[in-house]
Amino acid sequence: MSFVLAIDQGTTSSRAMVFRSDISIAAVAQQEFPQHFPASGWVEHEPEDIWTSTVMTCRDALEKAGLAAKDIAAIGITNQRETTVVWDRATGQAVHRAIVWQDRRTADICAKLKAEGHEPDVSARTGLIIDPYFSGTKVAWILDHVPGARERAERGELLFGTVDCYLLWRLTGGRVHATDATNASRTLLFNIHTGQWDDTLLKLLRVPRSMLPEVKDSSADFGTTTPDLFGGPIKVAGIAGDQQAATIGQACFTPGMMKSTYGTGCFALLNTGATPVKSNNKLLTTIAYQLNGIRTYALEGSIFVAGSAVQWLRDGLGIIKHAAETGPLADKSDSMQSVYLVPAFVGLGAPYWNPRVRGALFGLTRNTGPAELAHATLESVCYQTYDLWAAMRADWPDASAATIVLRVDGGMTASDWTMQRLADLLDAPVDRPMIQETTALGAAYLAGLNAGVYPEPEKFADNWRLEHRFRPAMSAATRQRKLAGWARAVKGVLASDEGE
């Protein structure tokens, strides 16, 4: 058994990939599923859609690879983080749609907690800030708004889990209720210093401990699938949240290594080693991975809108038919125009953390057209990455002693235009790897490590291969002018916040 099956459950689709022992890809399957937007700022998924699409893609990938369950050494799971599911322990029936990480409905709960002065203590325990992004307030909302849910939870009848936990519970036929440290660290309920669920936080958010899963290493024995799913049992041996899995897939095992993933949003992680680094620039302190009971930490910056801004160009404005058209269109833009898009469609993430502001375009003229809008959209992702980059360099103690090279992955990195502009604005090299499926690869590696298919991290890192290095080519004067314009645009958006 030299094959590993990776489940990559994302915000808009579920994917399954079969990896060989040399980390080459044997098969890929993908299935999209709908998102639901019942109110402004609300984003939901049907848990059954998540489950069904996951099982179907796994079966499809196995069929494409010509493999059976007996050929698979282990399954690794990576998932959209923070997305929250609450279900009945006895029936497996979800009591509410999954509340997605992008969802902002708990902004008022968060504002109240902040006003009561809880954020410093919460941040010290979790490494996070109080924000609707994280799972804790989503759980509280479900318990308070679904009739009878709180009473059922207090009687021990309901379970909570992030998507990995929910899938594991279903895959194992309800026998295993567990997660890993990376996903637990995104809930606002987990103490990243003790590695335990925190009773003070549970009391603050009124979440019964009986709802919570067991927390394990990222590479561990998570049980086996029921035989009926794939024609035989397969052990589940690795779990990590999508951004941590990408960090592993990018082989960022050394402190000071940084990766940025461009999907629906953009997420940058900087490995800080065995010591959690407290940010002075509104970054998050999180767990990068946990192996053999040892936690490795990271600084993280989260941008809510990246690839979804390109989807807006396609679906909202209709100026492109396919995402791949965006770069060539942007290349035709008028260089004399300075158009800035601040894509705060669901608020702003790091380092601003304002859930109330909304997006805006600046610098429009009568001559502004589709090319300029495409240019501004792609550039907005680069500017937001610059904000994270600058904050990480300020927070990381060794930044002055070493140049951080950024490793990138995700759908948007296929755009040479965007990656070159990113290198220009960062004034630093940007490395795109040969294997772009780094998130799935990270999940596969964790499972394969436990199953004996893959070697220890240091040796695994030797397999990382560079596809292209983008080097900065923009003049310092142009760079500073463009960054100053971006700063003014963000300031304008933040000034529009009336605190309502």
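Heads up, the Cβ atoms here are built off N, Cα and C, so glycines get one too.
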From the candidates TYR133, TYR289, TYR297, give the one listed by Swiss-Prot for the same glycerol site as ARG81, GLU82, ASP242, GLN243.
TYR133
Per Swiss-Prot, which one of THR52, THR54, THR264, THR272 shares the ATP site with THR11, THR12, SER13, GLY307, GLN311, GLY411?
THR264
Neighbouring binding-site residues, C-alpha within 10 angstroms of GLN243 (glycerol binding site) - of THR11, SER13, ARG81, GLN311, GLY411:
ARG81
Residues near ARG81 (sn-glycerol 3-phosphate binding site) in space but at least six apart in sequence (CB under 8 A):
TRP101, THR162, VAL163, THR182, ASN183, ARG186, GLY241, ASP242, GLN243
On the three-state reduction of DSSP, what should I expect for GLY411 (ATP binding site)?
helix
Quick check: which same-chain residues outside THR11, THR12, SER13, THR264, GLY307, GLN311, GLY411 lie with their CB within 8 A of the centre of the ATP site CB atoms?
GLY10, GLY263, SER308
Pop the Cα-Cα gap between THR11 (sn-glycerol 3-phosphate binding site) and GLN311 (ATP binding site) into the table, whole Å please.
13
THR264 (ATP binding site) and TYR133 (sn-glycerol 3-phosphate binding site), distance between Cα atoms, whole Å
14
Which of these binding-site residues is closest to THR11 (sn-glycerol 3-phosphate binding site) if you go by CA atoms: THR264, GLY307, GLY411?
THR264
